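Colleague: Here it is, the structure in full.
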Amino acid sequence: MEKKKMGLLVMAYGTPYKEEDIERYYTHIRRGRKPEPEMLQDLKDRYKAIGGISPLSKITEQQAHGLCEHLNDIQDDIEFHVYIGLKHIEPFIEDAVADMHKDGITEAVSIVLAPHFSTFSVKSYNKRAQDEADKLGNLQITSVESWYDEPKFVDYWVKQVKDTYASMSQEERDSAVLIVSAHSLPEKIIAAGDPYPDQLAQSAKMIAEGAGIEHYEIGWQSEGNTPDPWLGPDVQDLTRDLFEQKGYQTFVYVPVGFVADHLEVLYDNDYECKVVTDEIGAAYYRPEMPNAKPAFIDALATVVLKKLDESK
């Protein structure tokens, strides 16, 4: 029996490929407004601090291709063909959809490399893909909206947290708190009924319960540079407050809203949060990110197949 041919659209935020890309990338994030020279320099300095341009583009490719290969290995009905679509740099989401159309793909499934749904992120990615497909015609896209509660994904983090706690001394474990975080978004999303904060709270609860961790807190990180208020508390402020008010001496950070080693994790956690823990004399731990680890790729494949099953 001939396999059905299907597009696999993997969408992500995107990252500069080289230093010369930083300005146009940042300009795209700012909706066409060029950043002030000091803002641009600040971003360049952050990339320098993590050892140069973020590894995110390579990791995204490994995740997307790994997912496609794994999907083709674990079932025999569909032959998946992968396309990467990025939000803020080429190949843009629209480019990926146009390529699928050009290759004669009439059916596709899409997934965003962000576990929680929000109108700001996942909804906008899916809309861009859908709008382009509608414009081109004869291409139907089934979109995954969120996958934070996929048991295999939760298990990935449970295992990482357990391993991290097992690596600590008894003294560190006794004074430890788990901080589960995601990318902050403008507070106005709450008034609009966005499920994003609730989904993060559910993630934190599932991971903490699964790993048998009693003391855990929810934080937000990497907020944008705009006058609007953003969701808080910020992870750095939260770290200080927890130290001062509850006396924790060991901080374990799980940035569950992200899936790879990139600027928000390597700088905002490993540098900025560590500055705080060093300042207060506390221990800093951050379990490994999923990147393209087989357990994570398998979790994503399960999500995709479940979605296709649901939409039959």
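In case you wondered, yes, glycine gets a Cβ from its N, Cα and C as well.
Residues or ranges marked as Fe-coproporphyrin III binding site in Swiss-Prot: Tyr13, Arg30, Arg46, Tyr47, Ser54, Tyr125. The Fe(2+) binding site feature in Swiss-Prot is assigned to His183, Glu264.
Quick one: how deep are these features, and who are their neighbours?
Modeller: Its Cβ taken as reference, Tyr125 (Fe-coproporphyrin III binding site) is surrounded by 24 other Cβ atoms within 10 Å in the chains shown.
Contacts of Glu264 (Fe(2+) binding site) defined by a Cβ separation under 8 A and a same-chain sequence distance of 6+ are given as His183, Gln221, Ser222, Pro255, Phe258, in order along the sequence.
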Colleague: Among Tyr13, Tyr47, the binding-site residues in question, whose Cβ has the most other Cβ atoms within 10 Å in this structure?
Modeller: Tyr13
Colleague: Going by DSSP, is His183 (Fe(2+) binding site) part of a helix, a strand, or coil?
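Modeller: The residue in question, His183 (Fe(2+) binding site), is strand (DSSP, three-state).
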Colleague: Given the binding-site residues Arg30, Arg46, His183, which one is most crowded in terms of C-beta atoms within 10 angstroms?
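Modeller: The residue with the densest Cβ neighbourhood is His183.
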